[in-house]
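Student: Attaching a single structure in structure tokens format; questions to follow.
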């Protein structure tokens, strides 16, 4: 492809990331309006969970689809599914229809989240240029995430919650047209046999596992244990099948690459820690400080801004600073966030919380770009696509699992607090997170209710900090011995 084509393809990939970035923060802003209109408050958690579920089960499949029909066509299909899901969500007459549409959107999101990084690996063989483009993709995602609360709040107030999803239609169509016109596939045009049995076992196993995790604390223990055990059986059969498959979904050979395994472990521990700050900082603002949902979402804006700056910084300094050092900088700054929120009390001013939270953005910006490039280098060109999508899958799974764990920690803290205060109920604790409904609660009970809520966040941040300590140990063990080596640069 010529320079203009490469530039336009980069724009299309960035537009895909814009939609994905918008969806996170803009949907969170709209959730109260959605559950109110569709009478689905009991399914509030599933609005986020089912999207992650669709992403998780589809990520490995998109890689193989890309190999079979080219990454170009796979990316375009992912765009169509994402836009279709968005449209159906806006048209949803009830919560069940909405959740099905959300799953479709998540499946498309799995392709949009993984394929751009694979495409960048092929389109930009020069590592320095690829690092810059990965920074652009990260920046487009985070830039959209910054605008999400503002755009979502305005759309809901001026029009309705439906437009939170309709906004994806023009963006998606523009990205699709650019890809159709300018993207000339550079991946091999061979059509390998698609591993249908492997895909079925993997998707079924992941669905059972993630459903079990999401139902923790919400249903009978035997159901959760049964789902997780069944999922493990399916995943064992999946790996046994993959060992013999002609064209496996996930080649087991990548797990014999110790450097790549090290990268995936670091991704899992740091992303599992990050979602604690990303999820509970807005809740802190709303439940403990009485802020609105819009203000709660805006607490993450500085976090996203510094993440953009950090990701772009890595592109310029990676040749001079080793991966070990870059990852260590990221872990330490994330520790400042988790540790700071662990030490903060329920009277801590908002500006201090925002400042503390912003450090996690610096950490994620450093770690993501540094490790994503290292994943592709460690895997080599032959396994680059599979390794890239696997690293994305690991990050999503880590976030999904730890989100459920943090939810259980919070529920246990709330239950413990309620048991010691007979005049406080779980319904009252639910009302506490909304500024308008909190005003209707007995004002004399608010200080004690906020202490109960704070105890849950306190314990969550402790677990997040422990994960980062584990990541520190892994980084020293895996990468410190390579501290005298710089990343080998591929030719221009």
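Cβ atoms are placed via backbone N, Cα and C, with glycine included.
Curation does not apply to TrEMBL; its annotations are automatic.
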Student: Need the matching range: TrEMBL marks transmembrane segment on one of 162-182, 435-455, and I'd like to know which.
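Tutor: That would be 162-182, per the transmembrane segment entry in TrEMBL.
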Student: Can you say which of 264-281, 372-389 is given as transmembrane segment in TrEMBL?
Tutor: 264-281
Student: Tell me if the transmembrane segment (194-216) touches the transmembrane segment (321-344). I count contact as 3 or more CB pairs below 8 A, with pairs 6 or more residues apart.
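Tutor: Counting Cβ pairs under 8 Å, fewer than 3, so no.
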Student: Pairs of Cβ atoms less than 8 Å apart decide it: which stretch in 162-182, 194-216, 287-309, 392-418 has the most with the transmembrane segment (460-480)?
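Tutor: Going through each listed stretch, the top one turns out to be 392-418.
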Student: Honestly, do the transmembrane segment (392-418) and the transmembrane segment (264-281) touch, with at least three Cβ pairs under 8 Å and pairs 6 or more apart in sequence?
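Tutor: Yes, these stretches are in contact.
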Student: Taking the transmembrane segment (73-97) as the reference, which of 103-124, 162-182, 194-216, 222-243, 264-281 gives the largest number of Cβ pairs under 8 angstroms?
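Tutor: Per the Cβ count, the answer is 103-124.
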Student: With a Cβ cut-off under 8 Å, give me the same-chain residues at least six positions beyond the ends of the transmembrane segment (162-182) that come close to it.
Tutor: 1, 4-5, 8-9, 11-12, 15-16, 18-19, 22-23, 26-27, 29-30, 72, 75-76, 79-80, 82-83, 86-87, 89-91, 151-152, 155-156
